[in-house]
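S.K.: Dumping the structure here so I can ask a few things about it.
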Amino acid sequence: MLSTLQPPRSLSHFRTNPTLLLRYTSLKTLSSLSSQPVTHSTLTDQPCSPNPLPHSQILSTRHSLLSRHLTATQLADSFLARLRLTEPHLRSFLHVSDSVLAQARELDEKIQRNEELGPLAGVLVAVKDNICTAEMPSTAGSRVLEGYTPPYDATAVRKIKELGGIVVGKTNLDEFGMGSTTEGSAFQVTANPWDVSRVPGGSSGGSAAAVSARQCMVSLGSDTGGSVRQPASFCGVVGLKPTYGRVSRFGLMAYASSLDVIGCFGTSVADAGILLQAISGHDRLDATSSKREVPDLAAEFVSISSTISKPLKGLRIGLIRETLDGGVDTGVTSAVRSAALHLEELGCSITEVSLPSFSLGLPAYYILASSESSSNLSRYDGVRYGSHVAADELNSQYKDSRAKGFGSEVKRRILTGTYALSAGYYDAYYKRAQQVRTIIRKSFKAALDEHDILISPAAPSAAYKIGEKKNDPLAMYAGDIMTVNVNLAGLPALVLPCGFVEGGSAGLPVGLQMIGAAFDEGKLLKVGHIFEQTLQNCNFVPPLIADELTS
């Protein structure tokens with residue numbers, strides 16, 4: 001039992017009489033919610049209380065619109081006002097849509113005509129800028145694509161629009177997703193809403209910061225080696241990386257094609273799950289998308305009887321021993337062990353599990369990801385699209401366009417990958433990294449055969465200062481140790497805030513990572529939902545906006 005490993009802390013004592021949890025209705029039946037009350041009728045987050053109420057901004061939005069309590073224009077106005085107020089401090093967005101209010105007014109007119117609304121009607125969604133949008137620039141944070149507007153929407157974006165969602169804008173990122181701080185953007189540096197002198201994580205730092213600061217309701221990011229999960233931890237929001245193949249990659253600018261996935265950010269597990277449900281499913285435009293039927297993920301947000309003191313009784317959870325070894329901040333270790341104790345109080349059986357191959361994932365990942373990037377980024381030649389440099393002959397145009405268009409980190413990874421794939425080194429590097437990937441997959445399968453879920457920190461530290469690791473790429477790479485193995489194995493993972501460490505004016509959030517078997521996102525969402533609803537004494541609203549949301 002985990003209780004023998006460390007004495008319990010006061011962070012998350014479970015009450016035997018928890019508030020009934022809201023049972024969320026599936027996307028297929030959301031249209032019937034017009035006559036059903038939702039627990040929260042406003043979109044402001046409530047501070048944690050001994051019996052916290054469940055919350056979903058998506059369902060609250062729907063209820064507010066259909067009950068005529070608020071109009072879509074009023075909702076959009078309030079978020080845009082907050083965006084304008086906070087954006088000078090955060091710089092989360094590279095582009096803000098100028099059609100948000102027009103789309104909101106169209107939605108209000110549909111409501112007046114009593115027309116049927118999509119399940120994401122009125123939901124303001126931010127989109128990472130390496131995901132294509134037809135009517136907005138999509139730069140991947142790179143000068144080589146400066147000013148480029150795609151002729152089509154990514155499949156995930158198209159599905160959101162078809163379900164009534166409003167894309168509020170494009171968020172900042174490390175160039176082509178290559179980085180862990182969002183300092184690698186060619187255009188600007190994004191700050192963390194919990195402390196604007198610190199990084200928001202990366203590479204989806206803009207998407208995480210935007211959700212954390214309530215500049216939007218939910219957002220899309222991409223995750224190649226932890227680019228959804230690590231920013232979620234740094235910014236105190238929920239980040240969901242789906243199984244490889246669950247969501248179409250069509251329209252996602254390729255970095256490492258065998259690792260890339262589109263993921264979701266929200267302020268609650270419910271919102272992240274509802275957004276994932278909306279964008280999941282097979283796509284004929286992506287041969288790697290799975291043909292598996294998408295289950296009703298919202299059905300996993302089950303009610304808990306007030307008489308049930310251990311709603312997760314019988315669930316087997318493995319705490320990965322290697323993720324709590326040296327190199328992990330003591331505050332992070334303490335927060336994760338406290339979260340494990342909380343899960344034990346909810347009825348889970350917690351055991352430590354060893355994954356001896358865990359430390360091999362980081363070097364294997366950087367060889368494989370860099371190798372794939374050297375191939376994928378060869379398309380940016382200054383001829384077909386994006387910016388280009390005028391030259392007298394073609395080879396000079398290629399060379400100069402790429403030299404001036406790519407940043408230093410992108411060049412470093414292209415060179416690393418090209419070297420690993422070169423004759424004489426392929427077997428020593430790329431082939432061996434693929435063999436390590438197979439070992440990691442097998443070790444995860446063996447562990448998940450014995451456990452329902454594996455848990456670990458989402459990152460070895462909380463958010464650090466802007467500039468602290470910018471000139472030390474190896475130190476920055478080491479921060480991905482908790483997340484890259486999940487991508488190598490193609491598994492789903494959920495990160496949600498579980499506590500704080502010292503730092504900033506109000507502490508810095510720490511994320512707990514839950515890892516599940518392939519295509520078992522439902523189980524992660526169920527456990528994460530119960531965990532967040534029963535976690536006490538934690539208010540994950542950043543100080544930048546805390547006064548506004550609690551007033």
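Placement of Cβ uses the backbone N, Cα and C atoms for every residue, glycine included.
Take a look at what TrEMBL says about it:
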- LYS128: active site, charge relay system (ACT_SITE)
- SER203: active site, charge relay system (ACT_SITE)
- SER227: active site, acyl-ester intermediate (ACT_SITE)
- 77-525: domain 'Amidase' (DOMAIN)
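Tell me about the setting of these features in this model.
M.R.: Counted within 10 Å of its Cβ, the other Cβ atoms near LYS128 (active site, charge relay system) come to 32, all protein chains included.
Around SER203 (active site, charge relay system), the C-beta neighbours below 8 angstroms that are at least 6 residues distant in the chain are GLY141, LEU173, ASP174, GLY177, MET178, GLY179, SER180, THR182, GLY184, SER222, THR224, SER227, PRO231.
Counting Cβ atoms from all protein chains shown, SER227 (active site, acyl-ester intermediate) has 36 others lying within 10 Å of its own Cβ.
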